[in-house]
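A.B. asks: Pasting in a structure now, in structure tokens, and then I'll have a few things to ask.
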Amino acid sequence: MTEGVPSAGSALPTPAMSSLPLAALNVRVRRRLSLFLNVRAPVAADWTVLAEAMDFEYLEIQQLEKYADPTSRLLDDWQRRPGASVGRLLELLAKLGREDVLMELGPSIEEDCQKYILKQQQEASEKPLQVDSIDSSIPRINDMAGITIRDDPLGQKPEYFDAFICYCPSDIEFVHEMIRQLEQTNYRLKLCVSDRDVLPGTCVWSIASELIEKRCRRMVVVVSDXYLQSKECDFQTKFALSLSPGAHQKRLIPIKYKPMKKEFPSILRFITVCDYTNPCTQNWFWTRLAKALSMP
């Protein structure tokens, strides 16, 4: 057995194991954790109790409830916070009385930890020697830390959004209307609007990729004639589509808010459009859009 890894089914980790990041746990273990913790039971601590023990706030837990697999999302969010580790997770499960989880998943967790330690040792042996004081290629802080108004500058608590808004500057008035209808009403959605939320000084392509892939659950595309001429909008749209081929995850939502002289973009034709130009359905427009953005 690898030194520092607890024996199968043990309730508490050894001190050495406390330093292993949560990334050591693979998908199989995480899915089985979800099977145990997603179930809401009055006699056993579920994922919401674990989230409180991880110091998640009430509103953060409410946001997690939107997801089909809240335990998986909880682990993803927690592993970005300081102090998150395999050892700490096992300590919390033991403290909450979930010995059943520890006994059932102990062997699998031990196996994952062994593989992780072995991989780290192999990478360390293959890595060329670098002198930290003269190697300018070693980043001190995540390049994508502090890219939005409410971001943590150190990257420990990044800002998340319900939707990234892809739009042209000429369509900004409609974006303002979206903010009024979706953020400042009972829907209380959180939109990522570049001109309002993104700090200047970083590559626009890198920021867009980070926000669309990792910070926003959906992307709304405001389609217009000017949109078709925008290289930035074209990049954002194609990047979002690449994350969800065939729109299986309903990640991208096109909006047509005014008549167009040019053809609707072919890459978006297979996705259901929210059409603000249709007077027969305009009364339902914001409700449908808000519901689509609120889906887990």
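Placement of Cβ uses the backbone N, Cα and C atoms for every residue, glycine included.
It should be emphasised that the depicted structure is a prediction, and the values quoted were computed from it without experimental measurement.
Sequence annotations record features per position, and here Swiss-Prot assigns domain 'Death' to 32-109. Sequence annotations record features per position, and here Swiss-Prot assigns domain 'TIR' to 159-293 based on sequence analysis. According to Swiss-Prot, the phosphoserine annotation covers SER244, on the basis of similarity to another entry. Annotation source Swiss-Prot lists region 'Intermediate domain' at 110-155.
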A.B. asks: Let's see if you can do this one: DSSP helix, strand and coil counts over the domain 'TIR' (159-293), in that order.
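C.D. replies: Looking at the domain 'TIR' (159-293) with DSSP, the answer is 65 helix, 24 strand, 46 coil.
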A.B. asks: Can you count the other CB atoms that lie within 10 A of the CB of SER244 (phosphoserine)?
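C.D. replies: Step by step: centre on the Cβ of SER244 (phosphoserine), count other Cβ atoms within 10 Å, giving 15.
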A.B. asks: Averaged over the region 'Intermediate domain' (110-155), what pLDDT does the predicted model reach?
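C.D. replies: Per the prediction, mean pLDDT sits at 69 for the region 'Intermediate domain' (110-155).
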A.B. asks: Within the domain 'Death' (32-109), how many residues are helix, strand or coil going by DSSP?
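C.D. replies: Secondary-structure composition of the domain 'Death' (32-109): 50 helix, 2 strand, 26 coil.
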